[in-house]
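Novice: So TrEMBL has the following annotated:
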type	residues	note
BINDING	A:Ser122, A:Gly123, A:Ser124, A:Leu125, A:Asp143, A:Asp171, A:Asp191	S-adenosyl-L-methionine binding site
Amino acid sequence: MSFNGSKDLVEEGDVVILYIAPSNMHSLEVTPKTLNKKGILVENVFQTVYGALKVASLVGAKYGAKVDLSRGWAYVLQPTSDLWTLTLPHRTQIIYTPDISNIVYLMELEPGDTVIETGTGSGSLSHALINAIKPHGHLYTFDFHEQRVSVADIEFKKHGLERYVTVEQRDVCQTGFGDALEGKANAIFLDLPHPWLTIEHATRCFRKSGGRLCSFSPCIEQVQRTCEKLMSAGFIEIKTIECLQRELTVQYKTVPVLKLECLKSKHTDDNRNENNGKEVGGLERLVTVSHAHSLPGHTGYITIATLPPIGRRSC
Amino acid sequence: MNELDAEVVKVGDYVVVQRQNYYKLHKVTANGNLLLGKDQLEMSSIIGRPMWTTYKMEAKVTGKRLYTLLETKEVESLSKDLKSVLPSGLDNRSIIDDGTSQQLSTEDIVGLREAGKSSKEIVGKLIENSKTFQNKTEYSQAKYLKKKEKKYFEYITIRKPTIRLIQDIYFRMDHQKISSLRMDTLAQLLSYSGVNADGLYMVYDSGSQGLPASAMLHRIGAGTNGKLIHMHPGNIPQRTLIQAMNFPEEQLRRMLTVNIYSLIRMYYQGTEQFLEVSKYKAKSDTLNVECIVLESNDTDFTEDVANPKVPKAEAEVKAEGITEDNSSNRAVNSFESKGLKRKLKDAPSHEPPKKPKWLIETQEAVEIMKVTKADGLAIIAKEHPLNIIKGLLPFLGISRPFVIYHSSREPLQETYVALKQRSDVINLRLFANFLRSHQVLPDRTHPDILMSDTGGYLLYGYLVD
């Protein structure tokens with residue numbers, strides 16, 4: 001229940017983030033017992049590179065507190081949507097915070113909005129969407145994969161978010177979003193192999209006042225077909241962007257400095273001997289950054305469009 | 001929530017005026033005019049009409065570019081109407097640029113316009129009198145028409161301001177006015193600050209027209225419990241883009257706008273001590289009671305803020321520069337903020353017993369900060385951010401994120417190094433973004449020719465025990 005509002009203390013049943021390093025974080029559910037591989041209930045012990053953690057010992061700890069591992073320490077954090085995205089169990093490819101930020105921003109979400117998402121996938125974006133529209137908004141999220149739907153449903157319940165979300169198994173390309181959602185949404189998000197097949201269904205789900213539709217696709221061909229469809233369906237302000245986040249590693253760099261000025265005049269012998277005959281000026285210590293040698297060069301294209309209110313649409 | 005026709009334009013509201021791909025922010029007044037390029041528009045006819053209404057610009061006096069607005073449902077599209085009827089060439093081998101392809105002179109064209117011809121007529125004439133138009137390829141014709149359409153487009157649409165639209169307007173117009181906050185950077189700033197409808201958030205902003213605070217207040221939402229403490233370094237907060245969002249009063253009340261010096265001093269020294277300093281200074285300087293608070297005794301804050309990197313005098317000049325910049329900028333409501341400034345200056349001398357608003361808000365903020373730690377902190381600084389984050393971290397809750405934006409990398413590098421040495425800050429990361437937009441058209445898809453490289457830098461981390 002640790003996803004719905006700030007908490008000070010860890011309670012049983014919470015999902016917490018165990019922080020060891022920026023690239024070494026884990027999400028875990030605080031339960032005293034867990035099922036092992038053989039399906040037998042055993043004590044819940046979490047293994048890290050710095051040794052084991054008895055998960056039950058977290059109950060009552062302050063969020064943000066240091067916790068002891070058998071060979072080191074870690075911090076226990078309350079999940080934010082960013083931390084959750086970095087630690088959630090992957091069932092599919094997921095969308096990460098840089099893209100999520102743009103999606104939420106470009107869909108112009110605010111508390112109270114009704115949003116449709118498809119597909120649910122691993123629920124990375126779903127958590128961010130819920131975060132943006134709660135407490136009086138609602139997310140309807142669809143996936144055609146039965147198991148993903150049921151796991152996501154359980155996850156939302158465990159996270160205390162079930163009030164804000166409805167998960168349903170449905171192939172929206174085939175059957176649309178259902179009559180119940182017609183005229184309900186102010187934002188619709190598509191992450192599908194064939195997003196262009198759902199545009200007509202999606203258009204029907206927008207409110208009379210219109211809204212924003214966002215589609216996330218890795219391939220430019222998908223984008224082209226989607227944009228064409230959006231144009232003919234009366235969408236305006238159709239834009240496609242891609243955004244890459246580059247991490248900069250701050251570091252000290254020591255660089256030698258050559259002394260060339262002194263070569264212009266004759267030097268004493270003593271001086272030359274000291275430097276083994278070379279003219280060395282010394283070292284300078286700088287704070288600078290290094291760039292990643294290899295990084296994601298492409299995630300996906302974000303296509304975003306506005307559907308004007310009824311009566312102002314061109315189609 | 002907002003069904004069609006529910007939202008009509010009222011005097012005092014801000015609207016976004018859209019003319020094709022050009023957007024402009026406008027404050028609605030009873031008899032206001034809007035300058036759109038070289039065209040003067042009489043805006044009074046939009047009052048009482050719903051948002052999203054489209055108007056045709058009708059020349060009021062033939063020969064002058066003064067227009068009244070006529071509500072319309074039909075929008076003539078040049079590219080669709082003119083292009084389909086004309087033949088086109090296969091390639092550009094026969095097109096020579098000798099400057100004579102257009103037979104009409106500039107005077108002729110201006111004459112057409114002054115005669116009150118419609119854009120379709122003008123562009124039709126332009127095409128008729130172009131030797132080369134029919135030899136251009138279909139794509140090239142489309143491009144030509146699009147360019148002309150942009151110039152002669154006679155329709156505007158009134159839109160409700162959104163964060164996306166106002167950021168876009170300012171970023172295109174003068175990106176430095178909003179600290180060069182690019183769309184993707186602002187989006188990430190909002191994500192990493194963790195701001196949502198629930199909790200207490202703090203934002204320090206030294207000169208982005210209030211954009212970050214406005215965006216955070218938008219995420220906090222109407223009819224929720226979230227609160228925002230908006231800190232600024234000068235005498236008068238920049239609020240243009242907060243006002244531009246037409247937030248309901250209830251939502252605005254959950255944002256406390258305070259001067260950062262006053263806030264920190266009052267928090268550590270108490271209200272009485274704080275007022276004594278102000279009163280004492282007020283005697284020696286009757287000119288401006290408000291700013292005294294910011295300009296004196298920087299040394300007795302806290303240990304953390306005691307060593308400002310920027311010399312004090314310089315910092316003051318800077319702060320003033322920012323305010324001046326604000327008042328002199330030609331943003332829509334510059335006259336209004338001037339009015340506000342005058343009011344603030346006059347207030348203490350006319351009615352001394354009444355507590356000024358800034359004092360009430362500062363006290364309120366201090367009371368909140370004494371009992372509640374913030375759930376997220378965002379800093380958008382023109383100054384060196386190190387002392388600001390050091391000064392504000394004590395008010396952030398543990399296990400909560402902070403994010404700092406700066407348009408230059410070096411101050412964030414130094415801040416990174418300093419924070420890294422503390423044992424209570426984790427997950428420190430420094431980012432820069434690459435943002436590119438694409439033209440997507442059948443057989444003509446490619447990245448846009450122009451992109452922005454002024455995305456700035458974000459430093460992000462969590463506070464722990």
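Cβ atoms here come from the backbone N, Cα and C positions, even for glycine.
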Novice: Measure from the Cβ of A:Ser122 (S-adenosyl-L-methionine binding site) and count the other Cβ atoms within 10 Å, all protein chains considered.
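Specialist: Its Cβ shell of radius 10 Å holds 22 other Cβ atoms.
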Novice: I want to check the contact list for A:Leu125 (S-adenosyl-L-methionine binding site): same chain, sequence separation of six or more, C-beta distance under 8 angstroms. What comes out?
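Specialist: Result: A:Ile94, A:Ile95, A:Ile100, A:Ile103, A:Glu117, A:Phe189, A:Asp191.
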Novice: Any idea of the Cα spread of the S-adenosyl-L-methionine site, A:Ser122, A:Gly123, A:Ser124, A:Leu125, A:Asp143, A:Asp171, A:Asp191, as a max distance in Å?
Specialist: 20
Novice: Through the lens of DSSP with three states only, how would you label A:Leu125 (S-adenosyl-L-methionine binding site)?
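Specialist: The three-state answer is helix.
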Novice: If you count other C-beta atoms within 10 angstroms, which of the binding-site residues A:Asp143, A:Asp171, A:Asp191 is the most crowded?
Specialist: A:Asp143
Novice: When DSSP is mapped onto helix/strand/coil, what comes out for A:Asp143 (S-adenosyl-L-methionine binding site)?
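Specialist: DSSP call for A:Asp143 (S-adenosyl-L-methionine binding site): strand.
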Novice: Translate the DSSP assignment of A:Asp171 (S-adenosyl-L-methionine binding site) into the three-state scheme.
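Specialist: It is coil.
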Novice: Between the binding-site residues A:Gly123, A:Ser124, whose Cβ has more other Cβ atoms within 10 Å than any of the rest?
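Specialist: Of the binding-site residues A:Gly123, A:Ser124, the most buried by Cβ count within 10 Å is A:Gly123.
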Novice: Going by DSSP, is A:Asp191 (S-adenosyl-L-methionine binding site) sitting in a helix, a strand, or coil?
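Specialist: It is coil.
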